[in-house]
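Over in TrEMBL, the protein carries these features:
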- Gly136, Gln137, Thr138, Ser139, Ser140, Gly141, Lys142, Thr143: ATP binding site (BINDING)
- 390-455: coiled coil (COILED)
- 59-378: domain 'Kinesin motor' (DOMAIN)
Amino acid sequence: MRTFRSGWTYIETVECTPPPLSTAHLNRCKSCDYVVLLTKYHNRMSNRKSAGDNASECAIRVFCRVRPLNDSEKSQNSKFLPRFPSANTITLSGKSFTFDRVFQPSVTQDEVYQMAAAHIVQDVLDGYNGTIFAYGQTSSGKTHTMEGHLDDSEHQGITPRIIKDVFDRIYQMDTDNLEFHIKVSNFEIYNEKVRDLFDATKTNLPIRESKNRMPFVKGATELFVSNAAEVLAAVEEGKKNRQVAATKMNEDSSRSHSVFLIQVDQEDRETHMRKSGKMYLVDLAGSEKVGKTGVSGALLDEAISINKSLSALSNVISALSHENRSHVPYRDSKLTRVLQESLGGNSRTTIIVCTSPAACNESETRSTLQFGQRAKTIKNIVVVNEELTAEEWKRRFKAEEAKVKELRQIVECYRQSEADSQKESNAFDQLVDKLKKQDDEIEEKDAEIDSYVEQVVGLKQVIAMLSVEVEQLREHSTMQAQRICELDQSLHELSTQSESTVQEEPSELMDQAISENVQELHHLHNLFGGDVFRRLADLVTGKIRTPQIANPIRTAESQVRGVSNVVSVPINHAYIMWKKYMGFININM
């Protein structure tokens with residue numbers, strides 16, 4: 001948000017922020033003038049911001065001034081504590097504090113003015129508000145810094161020097177078309193009452209707010225001046241009316257906060273444009289420790305009031321120094337109400353923290369330095385106080401209209417690009433869904449393949465086991481076939497032997513042969529199990545049609561029967577034994 005000020009009225013205009021320049025948008029919008037328009041807008045806003053940086057945000061400048069040891073501190077043999085490691089740093093008991101500049105005791109009044117205050121003169125002539133105030137404990141040199149000796153050019157403080165500088169710069173300007181009106185006012189805040197230092201009868205002036213919520217002292221006397229001498233005379237008059245008293249620490253202790261206001265109004269007679277700059281020169285009363293100042297009665301009440309207002313000022317500074325502040329207690333004191341625009345508002349502000357170097361004032365000096373460091377983090381928002389003419393308003397209005405037109409074109413192109421982007425996004429979402437489905441199908445196929453692989457592995461294991469069993473059965477069958485052949489050979493030999501010996505002792509020989517074969521069969525049974533006898537029985541009975549084995553057995557049987565025809569009784573006996581033999585085989589099957 002950028003703020004324009006017309007006289008005493010703020011006019012606020014909201015700046016629309018277009019979408020940032022992105023590659024995606026640029027690529028989608030090449031068909032329209034979106035790129036050109038947006039580039040022009042960003043360049044324009046960049047130029048406006050760079051040109052208005054000093055006019056939008058300005059940090060409070062804080063300077064530190066250390067006075068020499070005074071006579072009282074020397075009489076107490078108090079040590080000089082501060083150290084100055086650099087031009088911007090002061091060290092107190094090992095703790096370092098950094099400011100915009102640190103003024104050592106040897107610095108001159110003119111050096112202080114040139115570094116800390118001179119720049120504000122031009123700011124005021126340009127239409128800005130400016131504030132300079134000195135802060136510190138009592139007797140730390142605040143009044144000397146702000147006022148000094150009005151009649152001594154070498155020892156003059158900031159106020160008389162700045163007054164002279166204002167008029168010098170006005171006279172150096174091209175004033176043919178400029179008309180200046182300068183007025184001053186001076187008031188003090190004493191015991192939480194605002195008193196007019198130009199009119200002693202005005203002892204309790206109210207603080208009001210203008211339409212733009214800027215506080216001001218209502219009813220304060222304003223003197224129109226035309227040269228530096230008149231202003232210095234006004235300063236001298238106000239100084240006479242200010243509350244001053246003697247304490248143990250300061251013979252001329254200020255008992256109030258003094259504010260000297262210079263307002264410079266200028267008008268261009270050709271364009272009728274007006275600018276107004278205000279300069280607040282503030283000399284604060286010093287914080288006091290009652291035990292050191294030795295005040296009592298009315299002076300004690302003054303000290304309490306001073307410390308209370310300075311505490312309120314410290315609270316405001318502390319609140320402003322926090323980024324996430326929610327409330328700034330400006331209304332806790334008349335002092336903070338008057339300085340509201342100077343602290344966090346529309347003013348270029350400079351604070352000079354004045355300190356004592358004596359060891360006896362170390363705690364007060366440390367507190368002052370801490371106050372200055374907190375104040376250094378505060379940033380004010382400053383604008384030019386100007387009143388525009390009708391022609392200028394028309395010109396600015398037309399410029400704003402042109403800018404709005406450009407913004408509308410940018411927004412329209414942006415909306416079109418967003419619509420295109422949405423279509424692309426929908427297509428992309430559909431593609432993603434399709435890919436997800438394909439991924440799911442692939443996962444299912446992978447699971448099936450894994451299952452088939454497991455089955456194949458299992459089948460291979462079963463085949464391997466069956467192959468082993470088949471090999472074992474093949475070996476076993478081979479052995480059985482060999483034994484059967486041997487048995488067949490034995491039967492054949494038995495048949496042959498029966499033919500040759502049947503005449504002699506057929507019965508005994510047959511029995512002996514059969515007995516031997518029975519023993520052999522028992523041996524086969526024990527060696528190969530019952531499977532051999534089942535196969536032999538099958539072979540004999542013809543259940544297994546194996547010519548190589550069955551034919552010899554049948555031949556042997558025929559030969560036995562042939563022999564029985566020749567020798568009936570022995571052969572019958574042999575045949576009976578043969579049947580027994582076969583029965584034995586059947587039993588053992």
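Cβ from N, Cα, C; glycine included.
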Inset, instruction - Indicate whether Ser140 (ATP binding site) is helix, strand or coil by DSSP. - result: coil
Inset, instruction - Would you mind checking how many other C-beta atoms are within 10 angstroms of the C-beta on Thr138 (ATP binding site)? - result: 25
Legend entry - Cβ neighbour count within 10 Å of Ser139 (ATP binding site): 27
Legend entry - Neighbour tally for Thr143 (ATP binding site), based on other Cβ positions within 10 Å of its Cβ: 25
Inset, instruction - Please compare the binding-site residues Gln137, Ser140 by how many other CB atoms fall within 10 Å of each one's CB, and tell me which has the fewest. - result: Gln137
Legend entry - Cβ neighbours within the same chain of Lys142 (ATP binding site) - under 8 Å, at least six residues apart: Ala134, Tyr135, Gly136, Ser254, Asp283, Leu284, Gly286, Ile352, Cys354
Legend entry - Site with most surrounding Cβ atoms, counting all protein chains shown within 10 Å, from the binding-site residues Gly136, Gly141: Gly136
